[in-house]
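Visitor: The structure is given below, and queries will be raised subsequently.
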Amino acid sequence: MMPGNDLEVTKSEQEEEDETKKRGSDTNNSTVASTYFDQQLLIPKTDDYKFSLRKLWAFTGPGFLMSIAYLDPGNIESDLRSGSLAQFKLLWVLMSATFLGLLMQRLSARLGVVTGMHLAEVSAKFYPKVPRLILWIMVEIAVIGSDMQEVIGTSIAFFILSDGKIPLYGGVLITIVDTFTFLLLDKFGLRKLEAFFGFLILVMSITFGYEYVTVAPNQSQVLKGLFVPYCDGCGPKQLMQAVGTIGAIIMPHNMYLHSALVKSRDVDRSKKEAIREANMYYFIEASIALFVSFLINVFVVSVFAEGLYGKSSQEVYENCVKHNNPHAELFNITASQVDVDIFRGGVFLGCQFGLAAMYIWAVGILAAGQSSTMTGTYTGQFVMEGFLQLKWKRWQRVLLTRTVAILPTILISIFSGIDDLTYMNDLLNVLMSLQLPFALLPVLSFTSNKCVMGDFVNGRVMKAIAGVLTVVVIGINLFFVVVYVKELPKHWAIYLVITIIVVLYITFVTYLAWYCLIMVGLDALARIPLCPFQPPRVEEMSAGYHLYESIADSS
């Protein structure tokens, strides 16, 4: 029997008190208690559920930690490329991608609030063993890829700030120490940890905002780029950048992160009103946080759209010499168009607007790298504990992820240099895009199922929007594969390996899509022996989800 919309569970005050104690005990013994929250933050109690700034402040925190993934070095590099290649013409793509990202983050947050479990835990309950393990591996790849981008960004920031005195491999090694140092912060309490992340976002707002004010982009062009969906005169490079913007903005592991972070607040899941209230406040908070991150991304795109678009390498080089920039030789090349990354972008700002602009840029990149490093660490532990029920200490998890991320990065920084390091950053943006279906499909599957979400199941409009977004993302991934295969060396062995990988990738995405369609309500597909499927049962959900527990049966 499915839970009905008109059926409510009534409990005595004593039963509710006992359940509250039990819920607290479940939280303290949860698989993520050692990772992010040793105790839940209490929400102010009121006689009604009207909007309250005091309650909004109590719920504020998880959304800003989530929004940091929209400001990592990979996103910043995507922003500056967008501005230098297409001027202001792709700002509407950035805004659309951020809005779609907000909708998907809303789904992941609702899943955590309603069920009391995060996405990895729910996936572990309902996916069969082999798909579950594959899904875990894919998410781990996304976490490690993101961590590599953060290592690259941090090392480049140190290189710029020291005028090259700290070599790239030195900056990579520093990231080992500072990550363990920042892990000590959560010993001071959840609120202080969230305040620290808020401070890093403030640093990015000030530094990139300074660049925006200094460069003073044409405001009418900025507004036109935001609200007029066009790209007049754009070619293949601009198209690739538009596609890359979507992949850089919507991060797959971020959905696993957000669904776990919302568990840090004490929500009484025995009351529908309390769940509905929590969903509302989390959505408001996430909207504010992503609006701030969106403004920062707009700052970066606009700075390079106004300052660098259309300039030749020789023009930039002459300005570098004029301002005595220590990295002037970087632009002493014959290429007509400047190919920028987060390193060259910072040097360009120093050449065009003074050395202060370069150093301030580096501080912003450093803040982006450090904040993203910490959230990546938490995400890695959430997914490991959720999928595998494997509890590691924080330092052990950091050591594993950071070692995998640092080894290739430090080898490239020693033996190849900054060009290959930034090229690897581009490849990692592509990798992030390829991992997106492994977050979008599970989120859509579980939030669209009545047994999992009860009265808070997705409506038709949300199902349609999320479904279309998922199809678009999968299409983008196939487009990326075709483009990059064309650039590979022409050898049969390489094509054979790529073919095998693509076939396996499409097969697994098809499995997840098939599972999703069944979860959404196409029960007839479950009779086709494409893959094993076990319908979700309410009694298999966490003990914290009390609303429909007593009315579930074994059907």
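Backbone N, Cα and C atoms are what each Cβ position is placed from, and that goes for glycine too.
Curation plays no part in TrEMBL annotations; they are all automatic predictions.
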Visitor: Looking at 85-107, 430-452, which one does TrEMBL call transmembrane segment?
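Guide: From TrEMBL, the annotated transmembrane segment range turns out to be 430-452.
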Visitor: Which of 197-219, 239-261, 430-452, 464-486, 492-517 shares the most C-beta pairs under 8 angstroms with the transmembrane segment (282-305)?
Guide: 197-219
Visitor: Looking at the stretches 239-261, 347-368, 430-452, 464-486, 492-517, which one shares the most CB pairs under 8 Å with the transmembrane segment (197-219)?
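Guide: Between the candidates 239-261, 347-368, 430-452, 464-486, 492-517, the best contact partner of the transmembrane segment (197-219) is 347-368.
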Visitor: Going through 239-261, 347-368, 430-452, 464-486 one by one, which has the most CB pairs that fall under 8 Å from the transmembrane segment (492-517)?
Guide: 430-452
Visitor: For the transmembrane segment (464-486), find every same-chain residue at least 6 residues outside the stretch whose CB is under 8 Å from a CB in it, and list them.
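Guide: Here the qualifying positions are 100, 103-104, 107, 240, 243, 246-247, 250, 430, 433-434, 436-437, 440-441, 443-444, 448, 458, 495, 498, 502, 509, 513.
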Visitor: If we skip the immediate neighbours and take only residues 6+ beyond the ends of the transmembrane segment (347-368), which ones have a Cβ under 8 Å from one of its Cβ atoms?
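Guide: That would be 71-73, 75-76, 150, 153-154, 156-158, 160-161, 200-201, 203-204, 207-208, 210-211, 214-215, 303-304, 307-308, 316-317, 319-320, 322-325, 327-328, 330-331, 338, 340.
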